[in-house]
């Protein structure tokens with residue numbers, strides 16, 4: 001296939017996404033148009049239509065567990081609200097976190113939680129929802145706090161041994177966990193330290209003291225609307241511990257749902273029909289406080305249907321582009337004439353980022369360059385941990401910043417805040433690629449200085 005068609009298809013996808021975002025129309029439309037356009041060009045270039053349909057279907061069915069997980073996440077959030085778990089977390093959050101540097105604490109809490117859970121989305125949909133509620137009580141803008149939570153939550157893909165993305169990276173690069181973590185520290189330590197300082201400084205402007213009356217009012221409304229008990233926190237603790245014991249994410253979320261329904265029935269006195277209704281259609285707070293009710297909102301399983309449909313279409317498109325070789329020119333052309341180590345590392349980050357943007361799936365940004373660049377790295381004598389770190393610092397970490405990315409879409413649906421709104425505050429997610437680029441530039445400068453010094457010595 002002529003590579004001009006590869007660039008044409010990629011350009012069409014990017015432009016159609018931009019147009020849909022500007023016109024504020026569902027992302028289903030540009031992705032369906034992209035599939036149609038790609039299909040037409042591929043058939044025109046000699047591909048068998050039946051084979052292309054088979055590729056699309058396999059791409060759609062490849063992540064059945066993901067669709068199930070997203071639907072369950074919608075149900076879980078609703079049930080945890082109705083059962084009093086989220087209100088309990090908010091109540092004690094108001095009580096013990098008032099007067100603290102809440103933004104800094106929220107960043108640290110999500111970082112710790114996500115290492116145990118192994119999923120950024122899972123962390124946002126559990127602890128994150130409660131922290132957003134507490135933050136609103138403290139007068140912290142939701143988009144700011146969500147950016148902080150995203151920064152912490154998506155460190156799972158860098159630190160958690162049970163993270164699907166981290167394990168995918170290890171598998172593709174053929175590297176063990178201990179070696180990979182050691183390699184990631186070169187950029188992780190400065191980025192995490194810098195981000196922590198920034199969030200600590202921002203947090204000094206939001207101590208919550210000026211909202212004491214509102215906090216007391218919200219706590220009173222929580223007590224009026226729910227039975228509150230520290231025992232309710234045992235279920236979230238169990239959900240955090242299960243992945244550490246090797247339980248996969250779907251059974252873990254199912255445990256959270258079943259436990260939440262039982263608590264809704266026994267503790268809050270809600271009927272089984274109402275509980276099922278909350279799971280399917282969503283939950284709306286019914287307390288005496290409009291402020292609290294505006295926090296306790298979830299769309300349930302039905303609220304996730306559109307996102308599941310979009311993700312299915314995106315994965316079909318991504319599989320089509322990968323299996324037909326459409327993406328190969330985008331991957332090979334940039335490194336065709338690369339001679340230096342620094343240039344290869346820099347271009348790896350650029351290519352990984354572009355693949356995540358075009359395919360809307362961070363996995364493609366890791367798998368394709370990870371597989372296809374390994375030999376080039378070996379040829380230039382670059383350790384494979386550098387390849388893993390470069391992809392982790394670019395294609396993996398930027399995923400939640402884009403509203404058309406799978407992660408950005410799910411976060412937007414769970415919280416009601418779009419990636420456009422929270423991305424400016426998800427500092428860690430865009431500092432990583434900047435630091436990685438800075439390291440490349442500094443090493444290039446140092447290399448040129450050393451060459452210049454050697455020439456001076458030879459001349460002398």
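Quick reminder: no glycine exception, Cβ is built from N, Cα and C everywhere.
Now, the feature entries from TrEMBL:
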DOMAIN    152-436  domain 'Na+/H+ antiporter NhaC-like C-terminal'
TRANSMEM  12-43  transmembrane segment
TRANSMEM  66-92  transmembrane segment
TRANSMEM  104-132  transmembrane segment
TRANSMEM  138-156  transmembrane segment
TRANSMEM  188-208  transmembrane segment
TRANSMEM  214-241  transmembrane segment
TRANSMEM  253-275  transmembrane segment
TRANSMEM  295-321  transmembrane segment
TRANSMEM  422-441  transmembrane segment
Cβ under 8 Å to the transmembrane segment (138-156), counting only same-chain residues 6 or more beyond its ends: which ones?
97-98, 102-103, 106-111, 113-115, 117-121, 123-124, 128, 131-132, 163, 165-166, 192, 195, 199, 202, 206-208, 210-211, 214-215, 397, 399-400, 407, 411, 415, 417, 421-429
Taking 104-132, 188-208, 295-321 as candidates, which has the most Cβ pairs under 8 Å with the transmembrane segment (12-43)?
295-321
Return the stretch with the most CB pairs under 8 A relative to the transmembrane segment (253-275), choosing among 66-92, 188-208, 214-241, 295-321.
66-92
Can you tell me which parts of the same chain pack against the transmembrane segment (188-208), counting only residues 6+ beyond its ends and a CB-CB cutoff under 8 A?
97-105, 107-108, 137-140, 144, 148, 151, 155, 158-159, 215, 427-428, 431-432, 435
